[in-house]
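Remarks on the structure that follows.
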Amino acid sequence: MEADKQRLQLERKVGLIGAISFIAGTMIGSGIFMSPQYALSSIGSPGASLVIWVCCGLIAVLGGLCYAELGTVIPESGAEYIYMLRTAGKVVAFMFLTSFNSVLRPASTTGIALSFAEYVVALFYDGCPPPQLVVKCVAAGGIMGVAIINCMSIRLATDIQVVSTVVKVLALVVIVLGSVVVFVQGNNQKLDYSFEGTNVGVSSIVIAFYQCLWSYDGWNTLNFLTEELKHPEVNLPRAVVIAISLVTGLYLLVNVSYLSVMTPKELMSSSAVAVTWGNKVLGSWGWIMSVAAALSAFGSLNGTFFSGGRVCFVAAREGHMPDILAMAHVHRLTPSPALIFTTVISLLVLIPGDFQSIVNLFSFTAWFFYAITLSGLIYLKIKKPELPRPYSVPIILPIVVVIAAIFLVLAPIVDSPQIEYLYVTLFIISGVIIYIPFIHYKLCPGLLTKLTLFLQLFLEVAPAEKNL
């Protein structure tokens, strides 16, 4: 009888240090080591590039603060999915869910895994481009390795995140200090912050924003795992401010360091800008930057995986996905079925993927849903001011971020229409076609029952309740 009364829940094991590490560790990944050259080539000038990096940092801070309020008003894991479910309704939430599972999270995971693989294989293919098959095999190995870690233990995944965050912050500090040493020795490139050659086309500006915002992706990581965060009403806003401010400052200093060592032309032609910087500044020790960048990407991959599996878990708990995905391991208390599902989808997306197209596809789709999510916060502030708010932001902040999100979504379509944007939009809307028969009318309700029972026994999992 006593065993029947016990509830299976995900445990609150993530404290403030872990929370900061999950945000900063997920943000500092592949982006700052690969995106600067793409952003510079899109916008055309070093001065405009630095302005874009500052603006993106500001957007990330404002977005993070708005999400901190959402996380305390709606103290459930799942981030955008659960917020849309509580504000915009089931259909919109399900549209996000289908896009998240098939585009957003696999694209993010695959992009980071590819950059991780690029830096790993760079150690063995000095001076020549590595075969794509080798890169993708290493990327697949990285994805599966992170999946195993997250299925084994929340504590282990958190510890790896803390350690990798320390490593990647140290790597960025080395880049910053390295340029200072070079500057003192007088071997530096003449710093050029001019705006000459800036591409003022709307499409070029938005693509530069996409590339920089990819480096800031992860500012909403904690909202995916609110139910596993200790004292979220306090730790959520604190972690957001500390982590995003730290990352923004480091990103600006690192970009200045790149420009002090390399010419804009050298930077834009580099396939792995951190390695190029390492070869110029560290000489025979340049391989250290490949190792540091690979570890950084691995930590970001771990954080992305940790948070991404929680969306499937929460959606299944709400009846929008198969029941098996709402279960947790009876001993390890990890949402292993949801993590396994995320792994399979990510490996499928990895097959045809390439880094730059993945970033653009991810950014367009992500900011579409950020706009809807933050519109929900504005709705709650106006229509439901009586809700308890342990943390609150002025209403002007979500309005500003919504305007920025709308610009990022609509500007490339208006300025330079491409058929890919239409495909993505149609794909997002197609979620309604799936929702009506299978969720609303519950067609084939018993179709997965036998499979669910088999997987439940095989994976040693059981339904988990909310941890509020």
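Cβ coordinates come from backbone N, Cα and C, glycine included.
Residues or ranges marked as transmembrane segment in TrEMBL: 14-38, 50-70, 137-156, 162-184, 236-261, 282-301, 333-351, 358-379, 391-414, 421-441.
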* Report the listed stretch (14-38, 137-156, 162-184, 333-351, 391-414) having the maximum count of Cβ pairs within less than 8 Å of the transmembrane segment (236-261). => 14-38
* Asked: What stretch in 14-38, 50-70, 137-156, 162-184, 391-414 has the biggest tally of Cβ pairs under 8 Å against the transmembrane segment (333-351)?
  -> 137-156
* **Contact set, same chain, for the transmembrane segment (14-38): CB under 8 Å, 6 or more residues outside the stretch** => 49, 60, 64, 111-112, 114-116, 118-119, 154, 158, 161-162, 164-165, 168-169, 172, 211-212, 214-219, 221-222, 225, 228-230, 235-236, 238-240, 242-244, 246-247, 250-251, 254-255, 258, 267-270, 272-274, 293, 296-297, 299-304, 306-307, 355-356, 359
* **Sequence-remote partners of the transmembrane segment (162-184) [C-beta within less than 8 Å, at least six residues beyond its ends]** => 17-18, 20-21, 24-25, 28-29, 32, 246, 250, 253-254, 256-258, 260-261, 274, 277, 281-282, 288-289, 292-293, 295-296, 298-300, 302
* Residue numbers, six or more beyond the limits of the transmembrane segment (391-414), whose CB comes under 8 Å of its CB atoms -> 59, 62-63, 65-66, 68-69, 72, 202-203, 205-207, 209-210, 213, 233, 236-237, 363-364, 367-368, 370-371, 374-375, 377-378, 381-382, 421
